[in-house]
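Visitor: As annotated in Swiss-Prot:
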DOMAIN    8-65  domain 'Tudor-knot'
MOD_RES   LYS52  N6-acetyllysine
MOD_RES   SER86  phosphoserine
MOD_RES   SER90  phosphoserine
MOD_RES   LYS96  N6-acetyllysine
MOD_RES   LYS98  N6-acetyllysine
MOD_RES   LYS135  N6-acetyllysine
MOD_RES   LYS137  N6-acetyllysine
MOD_RES   SER147  phosphoserine
DOMAIN    175-452  domain 'MYST-type HAT'
MOD_RES   LYS275  N6-acetyllysine
BINDING   ILE318, LEU319, THR320, GLN325, ARG326, ARG327, GLY328, TYR329, GLY330, LYS331, SER355, SER364  acetyl-CoA binding site
ACT_SITE  GLU351  active site, proton donor/acceptor
CROSSLNK  LYS378  SUMO1 cross-link
CROSSLNK  LYS378  SUMO2 cross-link
CROSSLNK  LYS399  SUMO1 cross-link
Amino acid sequence: MAEVGEIIEGCRLPVLRRNQDNEDEWPLAEILSVKDISGRKLFYVHYIDFNKRLDEWVTHERLDLKKIQFPKKEAKTPTKNGLPGSRPGSPEREVKRKVEVVSPATPVPSETAPASVFPQNGAARRAVAAQPGRKRKSNCLGTDEDSQDSSDGIPSAPRMTGSLVSDRSHDDIVTRMKNIECIELGRHRLKPWYFSPYPQELTTLPVLYLCEFCLKYGRSLKCLQRHLTKCDLRHPPGNEIYRKGTISFFEIDGRKNKSYSQNLCLLAKCFLDHKTLYYDTDPFLFYVMTEYDCKGFHIVGYFSKEKESTEDYNVACILTLPPYQRRGYGKLLIEFSYELSKVEGKTGTPEKPLSDLGLLSYRSYWSQTILEILMGLKSESGERPQITINEISEITSIKKEDVISTLQYLNLINYYKGQYILTLSEDIVDGHERAMLKRLLRIDSKCLHFTPKDWSKRGKW
């Protein structure tokens, strides 16, 4: 059995952790770093095939030294600080880009052919049929719900102009480790999931204090209290373009409010692993969702979008802060992004790759929105109601490729007597109705006060 002193960076061994059911388990983990505090060694571990947000510092008592695997010196991959350059099998290291090609045996309905209701052996409660059209290639999201990343096509070169861009080239030993222990934001204390490039001198602090209105950071509670006596903001900068009840949205220009935008990106990076932070926020707009009480407008989440997108992206980054997750706010952010696209008269899609949580939220939103349209179709003169994929896209502002991939994901497309039938089974309908009963938060278009700008005519934004 190995000794504690023999453990080095790059070793792999089982590590004790508690799972979601509060049961002990011993998953395989990799040692990313070792540090000594007052003669006591601590080991920073990444659990193989688990999300990086679960990485943590552990003591030697949680390590199974009998099954340790030392790094191989003859590894062909270049190493850095004793670590292999890649981790096959770790989902956050492998950017999964799945492309499902529809073969002649599994055709997709034409975008413009009308659809109509069609019964199927009495088992279907509602059905929509589309006339056969040309076969097309469909770029679909992957179907693994635990996947960290997803794409709808061949990856393009990383953009180097945004505030948060998709790029793994800086994924080294430093950025693989969480560097902020805890963040105090208003009445919440947040435990970061990932690395964020805050100034080095702040990474040794037990708590990083943020002003919840301007997002400036301080070293201590005293610094924050001193700042609050001078900060007169009680809401994000920019224009309030939506308010209903306690929920508001503020539109923030990344050029006009550069400091706030950069601070927002630093905070967001603590909870987004698939993006690399850059400081050029000028080409971006930020839409911050807040919850109002007597003390002000408290940030709940946000999404950003490019002022000019050549690829129809209506979201660049999207995040609901951890204290507000699993409460319907993520779907509300997504719904708001499509509401803006409707006002702009465009269809939109989120920038890929999506995080695992983002992918789940988008799949759920697309499914509910499309099913809502299909189930609301009315028949005329006793005939089956008809609709095309283009019409679904125009009504919802969801890009056609996302409409098709969602229909495939829900397994609604069937070929029957020369027609493409979209069949809604009892299970699909019942599941949708149950989900909609739980979806209490919705965007009210009448409460939106938004005038889109033509950024192509505004020079350098």
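Cβ atoms are placed via backbone N, Cα and C, with glycine included.
Help me understand the surroundings of these features in the structure.
Guide: DSSP gives LYS52 (N6-acetyllysine) a helix state.
A sphere of 10 angstroms centred on the C-beta of LYS275 (N6-acetyllysine) encloses 24 other C-beta atoms.
Spatially close to THR320 (acetyl-CoA binding site) yet at least six residues away along the chain are VAL300, GLY301, TYR329, GLY330, LEU333, judged by Cβ distances under 8 angstroms.
Less than 8 angstroms from the CB of LYS378 (SUMO1 cross-link) sit PRO385, each of them six or more residues away in the same chain.
For the recorded site, LYS378 (SUMO1 cross-link), the DSSP three-state label reads coil.
There are 23 other Cβ atoms within 10 Å of the Cβ belonging to LYS399 (SUMO1 cross-link). For the recorded site, LYS399 (SUMO1 cross-link), the DSSP three-state label reads coil.
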Visitor: In the domain 'Tudor-knot' (8-65), how many residues does DSSP assign to helix, to strand and to coil?
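Guide: Split into helix, strand and coil, the domain 'Tudor-knot' (8-65) gives 7 helix, 30 strand, 21 coil.
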Visitor: Within a 10 Å radius of its Cβ, which of these recorded positions (LYS52, ARG326) has the fewest neighbouring Cβ atoms?
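Guide: If we count Cβ atoms within 10 Å for the recorded positions LYS52, ARG326, the smallest count is at ARG326.
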Visitor: Using a 10 Å radius around each Cβ and all protein chains in view, which of these binding-site residues has the most neighbours: GLY328, GLY330?
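Guide: When each Cβ's neighbours within 10 Å are tallied, GLY330 tops the list.
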Visitor: With acetyl-CoA as the bound species and ILE318, LEU319, THR320, GLN325, ARG326, ARG327, GLY328, TYR329, GLY330, LYS331, SER355, SER364 as its recorded binding residues, calculate the greatest Cα-Cα distance and give it in Å as a whole number.
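Guide: Across ILE318, LEU319, THR320, GLN325, ARG326, ARG327, GLY328, TYR329, GLY330, LYS331, SER355, SER364, the two farthest Cα atoms sit 18 Å apart.
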Visitor: I need the CA-to-CA distance for LYS399 (SUMO1 cross-link) versus ARG326 (acetyl-CoA binding site), whole Å please.
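Guide: The Cα atom of LYS399 (SUMO1 cross-link) is 26 Å away from the Cα atom of ARG326 (acetyl-CoA binding site).
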Visitor: According to DSSP, does THR320 (acetyl-CoA binding site) sit in a helix, a strand, or coil?
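Guide: In the DSSP reduction, THR320 (acetyl-CoA binding site) maps to strand.
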Visitor: What is the Cβ neighbour count of GLU351 (active site, proton donor/acceptor) at a 10 Å cut-off, with all protein chains included?
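Guide: Other Cβ atoms within 10 Å of GLU351 (active site, proton donor/acceptor): 24.
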